[in-house]
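Colleague: For reference, TrEMBL lists these features for the protein:
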- 306-324: compositional bias 'Polar residues' (COMPBIAS)
- 346-368: compositional bias 'Basic and acidic residues' (COMPBIAS)
- 479-637: domain 'Katanin p80 subunit C-terminal' (DOMAIN)
- 306-409: region 'Disordered' (REGION)
- 16-58: repeat 'WD' (REPEAT)
- 59-100: repeat 'WD' (REPEAT)
- 101-131: repeat 'WD' (REPEAT)
- 137-178: repeat 'WD' (REPEAT)
- 179-220: repeat 'WD' (REPEAT)
Amino acid sequence: MATPVVTKTAWKLQEIVAHASNVSSLVLGKASGRLLATGGDDCRVNLWSINKPNCIMSLTGHTSPVESVRLNTPEELIVAGSQSGSIRVWDLEAAKILRTLMGHKANICSLDFHPYGEFVASGSQDTNIKLGSFHLSQGHSQAVRCLRFSPDGKWLASAADDHTVKLWDLTAGKMMSEFPGHTGPVNVVEFHPNEYLLASGSSDRTIRFWDLEKFQVVSCIEGEPGPVRSVLFNPDGCCLYSGCQDSLRVYGWEPERCFDVVLVNWGKVADLAICNDQLIGVAFSQSNVSSYVVDLTRVTRTGTVTQDPVQASQPLTQQTSNPGVSLRRIYERPSTTCNKPQRVKHNSESERRSPSSEDDRDERESRAEIQNAEDYNEIFQPKNSISEATPLPPHNIATAKEASKPSPAMDVQLPVPNLEVPARSPVLTATPTPKGEPAIIPATRNEPIGLKASDFLPAVKVPQQAELVDEDAMSQIRKGHDTMCVVLTSRHKNLDTVRAVWTTGDIKTSVDSAVAINDLSVVVDLLNIVNQKASLWKLDLCTTVLPQIEKLLQSKYESYVQTGCTSLKLILQRFLPLITDMLAAPPSVGVDISREERLHKCRLCFKQLKSISGLVKSKSGLSGRHGSAFRELHLLMASLD
C-alpha cells in the first residue's frame, strides 16, 4: 500500500491575483514550464513568470472575456480566443499584435499552434474547427473542447462534448479516423511525444489510450476521482500524468496500471508542465491563480504498481513494465527539431486576416502593455524562451495586483532596402557561379557573396617584380570596385524610378514599374514595404505579384525566399477564401461588368496559385526555417486541391 507523500514531494509555490475580475482560462509554456498566461473576464491576457509575483505584460484588444489561451512551442507567440468568437495572435518579443482571425460564431473553447510554424487551429462552441481560413468539414456535433497537433505536425486531434475523439490528416484536409468509446464529454487529448499513441480524458472519469496505426483502443483507465481535465506525458514517454482533484496520478497503459499517487491540494488543476524534473500545476478560482510543484524524482514513474491511498482496500495486480521498448511507430520529425525552432519573422500588419477597414482599429485597440520591464527583458529579449533555471524551492504565498500604466505604442518601421549582391541588373552580364558558393545564400553573413577580398588588395609581390608605384597600387585596389559601383548605381536608379511612381499613391502602378525593370532585388525592396500594410493589397495587385513570388521562392538568396513566403502567406490568408467562393458561385443573372472583372482576376490568381502550389509542396520537406515556412504554406493551400 502506498503511504501518504511527505511534504517535500509536493508543495504550493505561490498564489497571485491575476486579473481584476474572474480568471476564465490559463496555460503554461510547455518548453520551459516557467511561463504562465492567463485570460480573464476583463478581456485581458496577462503574462507571468512562475515564482514571481508581478505581471510581466498585459495584452488588450478583445472586447469579450478571454475563453482560451495557448503559447507556441518556442514561447514567443501567444494566441487568445474570446467569448465572441474572435482570435488574436501577439508576438511577445516584439510586444505587438500580429493578426486578428474571425469566422467562429460562438466562444472559442480550444486553440493550438502548429509545432513547426505560426499556423493556428481553433475549436469553438459552434462545433467548427478552423485552420486559419480553412474549415474542416465533417466536424463534431457539439462544442470542441481540445485540439492538439501531432509532434510531426501532420495530424490534428480533436475532442468534443459529443463524446468522440477525431483524428485529421492535415495534408488531405479530411478526417482520418473517429474514436468512439467515451460516455461523457471529452475534455482533453494529448499525443505521445514519440510513438503513434494518443491519450484522451473525459468527464466519464476515464482515460483512454488509442493506437494511431491500428486506430483502436489500447487500454482504458477507469475510476478517476472526477472528470479528467488535464493530462501530460512524461518527456521520454514512459508514463502519463493526470491532474485529478487534489492529487497527481501516474499511469502506464500496456497494460493499464497506476504507478503512483501524489496528494496535492490544488483542487481542480487546469494545466500541467514539466521543468527540471519538477511538475508544475496551476489552478484558478475567481480572480486568483495558484501554482504547485511536484518533485518528480520522488515519484514512481515505471515499475511496480502502486495502490491509490484513497482506494487502498481494493486489490491491484502487480505488473512490471519495460519502458525502453517501443511497441509502435515513431514520429518522423524534421532534422532541425533538436534545436529550438526558428520562425520566419513577419511584420505585424501583413499577418492579419481581418478586413482592411479594420486594420487601423485593431492596431489601436490591441496593445501589449509591458508592466515589468526587467522581467520582460530577462525572458523575451535575450532569447525566445525562458532558459532552464535552478529547481523551484518551496515558496511562501505571494499576491500581486497588475500595474495599470500602459507602455507607449510601437510604430511600424519600414525595412532598410535589400542589398543582396550581386543584383540581377539589366546593365550587367551574368557571371558563372563560383564553385565554393553555397546553394542557399543566407540573409546574414560575414562576407559578401560574389566578391573576393583579393580583388581589393594589391597583387602579391614576386621577387623579380619591381616595387609598385602608387598609381599601380590604386589600380589594383579599384579592381572589382568599378563593378560594385555599377551595381549600386543601377540599383539606385531603379529605386528612384519606382519611388517617383510611389509618390503618386498608385500602389499597383508602382509594383508594375518594379516588375517592368526586371530586377528581382527592386521587387523585394518594394514587397518588404507593402507587406507591412495589409490594407494596401488588392486583388489586381495579387495578379501582378504572384508570378514574381514564384521566382522569389526559387531564388538562391534566403532573404528573397523569406519575402516571397511572407507575401504568399498574406495573399492566401486574405484572398483565397474570396477566390474560392467566387469560382464556386453560380453565374449571375444579367450583365455585371464589375463582377465579371473580379471573376477574371480570381481565375487568374487561382491559376497562378495552382502553379505555385507544386513548388511549395516540393519544398515542404526542407529542414530549417525554409521548411517550416513552406509546410505552413502547404497547409494554407490545401483547399486548392
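Along the chain as shown, residues are numbered 1 onward.
A Cβ is built for glycine as well, from the same backbone N, Cα and C atoms used for every other residue.
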Colleague: Using DSSP, tally how many residues of the repeat 'WD' (179-220) sit in helix, strand and coil.
Modeller: 0 helix, 24 strand, 18 coil
Colleague: Counting only residues 6+ away from its ends, which parts of the chain sit with a Cβ under 8 Å from the repeat 'WD' (101-131)?
Modeller: 64, 67-73, 77, 79-89, 139-149, 151-153, 156, 158, 160, 168, 170, 334, 337, 341, 343, 346, 351, 353-354, 627-629, 631-632, 635-636
Colleague: Going by DSSP assignments with H, G and I as helix and E and B as strand, what are the residue counts for the repeat 'WD' (59-100)?
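Modeller: The counts are 0 helix, 24 strand, 18 coil.
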Colleague: Report the DSSP secondary-structure composition of the repeat 'WD' (101-131) as helix, strand and coil residue counts.
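Modeller: Looking at the repeat 'WD' (101-131) with DSSP, the answer is 0 helix, 15 strand, 16 coil.
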